[in-house]
Amino acid sequence: WTMGHMVNKKYQVDEFADLGANAIEFDVTFDSNYKADYTYHKVPCDCGRTCGRYEVFTEFLSYVKNETTPGHPSFREKLVLLQLDLKMSYLSESQSNEAGKDMAKKFLNYYWNRGSNAGRAYILLSIPSISNYLFLTGFKQQLKTEGYEQYLDKVGVDFSGNEDLDSIVNVLGRLEDEHVWQSDGITNCWTRGISRLQDAIKKRDEDESRYGIKKVYTWTVDYYSSIRYYLRLGVDGVMTNFPNRVEYVLKEKEFSGSLRMATMDDNPWEKYVG
């Protein structure tokens, strides 16, 4: 999976898809009532990028629905995953729960269209901290309450705050969620050690728990040499500002025989067996 990073404007969806991204990551902020309001990343952000661009969240969601709905004139077949970077670390457990319920309602109304001509992409909810875990509970509860439990097949979770992996695994067990990604990374302005990333990959490969890690990705990776390095480590995904560079590297002899871009036929909630 190649996740285009900080895709917070409508036109950037097309821009990053044209560069080869099969997934986009966008930021989501919340208002004082814990409702998703904008696709916005404040200053600072990645080096070489312009911070502060945004759309109204529901308008953005409707736009990407069209981009991921077969038969729509704007449909992009290769765009198969939407990742939400949820800016909610300051919310309490109960507030996180309410935010999750609101998010589910917005997806039902503006993306899944309550079952009529719905967007088909997989959804990855990147939650900043395990202290916000009730966001996922609220999200699931709302879908079940409204009778749309089937959409849970499309939704996965990622705790993105570089927290202790054992603590994350414990929370995942309580959540009883099988659709688990694990991230590790830092802004492209800095470098980061790989010990935690290697530990996440090891847990993915060795932990047979039903609620264990299924995919591991790293962020934000922009240099060709770094992309090669992380692919050799065994990541499933790379978040980048330059999806075309990942696409280029995947075509190189070293990787072309064993790795390729994921498609809609690839289940993001299952471990890859190469």
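Heads up, the Cβ atoms here are built off N, Cα and C, so glycines get one too.
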Cys45: disulphide-linked cysteine among Cys51, Cys189 [source: Swiss-Prot]: Cys51
From Asp14, Asp46, Asp85, Asp102, the one annotated by Swiss-Prot with Glu25, Asp27 for Mg(2+): Asp85
Cβ within 8 Å of the mean position of the Cβ atoms of Glu25, Asp27, Asp85: remaining residues of the chain near Mg(2+): His5, Met6, Val7, Asn8, Phe26, Val28, Thr39, His41, Gln83, Leu84, Leu86, Ser126
Among His5, His41, the most crowded of the active-site residues [Cβ within 10 Å]: His5
Nonlocal residues around Glu25 (Mg(2+) binding site), in sequence order (Cβ under 8 Å, 6 or more apart): Met3, Gly4, His5, Met6, Val7, Gln83, Leu84, Asp85, Ser126, Met239
Candidate recorded positions Asp27, His41, Cys45, Asn66, pick with smallest Cα gap to Cys189 (disulfide bond): Cys45
Of Asp27, His41, Asn66, i.e. the recorded positions, those within 10 Å of Cys51 (disulfide bond) when Cα atoms are compared: His41
All-chain count of other Cβ atoms within 10 Å of Cys51 (disulfide bond): 14
